[in-house]
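Structure first, then comments.
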C-alpha cells in the first residue's frame with residue numbers, strides 16, 4: 001500500500017475498485033444532468049399548473065436545497081457507514097423520486113415532493129464519488145480522475161438544457177423525470193466492485209443535520225425570495241448549529257474541521273469562484289437576448305462550444321495537475337477566467353461571437369480550477385475528515401450558484417450597475433452588463449489572491465508517479 005498525502009491508503013492497482021471507475025463517471029453524468037435538465041421546462045410546467053415565476057421556481061429551488069444539504073449528509077455518513085451501501089441507497093432513492101414524479105405529474109405538490117426526493121438521492125452521487133476517489137485512489141490516479149470528472153460534469157451541464165428542451169418539446173416535460181433511471185444499471189457493478197468497509201466510529205447527529213438543513217434552506221430562500229424573515233432564521237440556525245456542534249459528543253461536523261484556516265479559506269474560494277462562473281452563465285443569455293435580440297436556440301448555440309471545450313480540457317487539467325501540481329493549474333484557470341470576463345465586459349455591442357469565444361476561455365479556465373482546486377482541498381484534509389470535509393466543500397460550491405445568481409438577478413432587475421465606467425463601452429444599454437461582468441472579474445482576481453495567501457505554504461505540487 002502506498003500512503004497518500006492526506007493519510008489515506010489507496011487500494012492496489014489490481015483491486016476490483018478500478019473496475020468501478022467507468023460506472024463512477026456514468027452515474028455522475030446523470031446526477032449532474034438532472035440539475036439543469038428541468039430549467040428549460042419551467043414555462044411548460046407553469047402553463048400546465050397556471051403558476052407564476054415564483055411558484056414554478058420551486059421545481060428547481062427545492063432540488064438545489066435538498067441536493068446541497070444532502071451532499072454534506074452523505075459525506076458525513078461515509079465517515080461512519082460503508083460507501084457501497086450508501087451509494088446504492090442513493091441510487092435507489094434517486095430513481096424512486098423519478099418514478100414518483102412521473103406518476104404524480106398532474107399534481108403539483110407531488111411534483112415538488114418528487115423533486116425533493118430526487119435531490120436527496122441524487123446528492124449521494126457527487127458526495128460519495130469524491131469520497132471514493134479520495135479514499136481509494138493514489139495521488140496520481142486522483143488527479144487524472146478529477147480531470148475526467150470535470151469533463152463529465154461539464155458535458156452534463158452543457159447537454160442538459162439541450163436534452164431538456166428536446167424531451168419537453170417533443171414529448172412532455174414529465175418525461176424528464178425518467179431521464180435519471182439508467183443509473184439503476186450501475187447497482188450490480190457497485191455491489192460487486194466496491195469494497196466492503198468496517199463501520200467507522202460515531203453516529204449521525206440528527207439535531208445538527210436538521211439545523212444545517214434549516215440554515216441552507218433559509219439562506220437560499222432569502223436570496224431568491226428576498227424576505228428578511230428568512231435571513232433572521234438563517235442567523236438563528238447558524239448560531240444554534242455552532243453551539244450544538246461544540247456541545248455534543250458526536251457532532252454532525254467536528255468543529256476542528258473549521259479550525260483549519262486553509263480549509264476555511266478554501267470554502268470561501270470555492271463559493272466565490274463557482275458562484276461567479278455560474279452567475280455569468282445566467283447573465284450572459286439575458287445580455288445576448290437584450291443587446292442582440294437573438295433567439296433562445298441561437299443563444300444556446302453560442303454558449304454550447306464553451307461547455308464542450310470544458311469536456312476536452314477537463315482531462316487536460318487532470319494530466320497537467322499530475323505534472324505541474326494543483327497550484328499551477330488553479331492559477332492558470334483563474335487567469336483564463338479573469339481574462340475571459342474582461343473580454344466579455346469589453347465586447348458587449350460588438351460581434352456576438354466575440355462573446356462566444358470569450359466564453360470558451362472561461363469554460364476552459366473553470367475546468368482547470370474545478371479539477372485542481374478539488375485536489376488541493378483533498379490534500380489539506382486528514383483521512384477521517386475527507387467525507388464531511390469534501391461534502392461541505394461541494395455543498396458550498398453547489399449552493400453558491402443559487403445564491404450568487406439570485407444576487408446577480410436582483411442587480412440586473414434594479415439596474416444597479418447601469419452607469420458609465422468601462423472606457424470601451426459607449427452604448428448606455430450595455431453599461432449594466434459590462435460593469436456587472438467586470439465586477440465579477442474582480443471577484444475572480446480576489447479569489448486568486450486569497451488562494452495564494454492560503455495555499456502558498458502548502459505544496460502538494462507535482463504528483464509523484466507511483467509504481
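Keep in mind that glycine also has a Cβ here, set from the backbone N, Cα and C atoms.
Here's what TrEMBL has on this protein:
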DOMAIN    20-458  domain 'Major facilitator superfamily (MFS) profile'
TRANSMEM  21-41  transmembrane segment
TRANSMEM  53-74  transmembrane segment
TRANSMEM  86-108  transmembrane segment
TRANSMEM  145-164  transmembrane segment
TRANSMEM  170-190  transmembrane segment
TRANSMEM  202-222  transmembrane segment
TRANSMEM  228-245  transmembrane segment
TRANSMEM  266-287  transmembrane segment
TRANSMEM  328-345  transmembrane segment
TRANSMEM  351-374  transmembrane segment
TRANSMEM  386-412  transmembrane segment
TRANSMEM  432-453  transmembrane segment
Long-range environment of the transmembrane segment (228-245) - Cβ separation under 8 angstroms, sequence gap at least 6: 205, 207-208, 211-212, 214-215, 218-219, 221-222, 251-255
Contact ranking winner - 145-164, 266-287, 328-345, 432-453 against the transmembrane segment (386-412), Cβ under 8 Å: 266-287
Which of 21-41, 328-345, 432-453 contacts the transmembrane segment (351-374) most, counting Cβ pairs under 8 Å: 328-345
Result, the transmembrane segment (21-41) in contact with the transmembrane segment (145-164) (3+ CB pairs under 8 Å): yes
For the transmembrane segment (202-222), sequence-distant contacts whose Cβ falls under 8 Å of one of its Cβ atoms, 6 or more beyond its ends: 61, 64-65, 68-69, 72-73, 76-77, 79-80, 228, 230-231, 233-234, 237-238, 240-241, 244-245, 248, 250-253, 395, 399, 402-403, 406
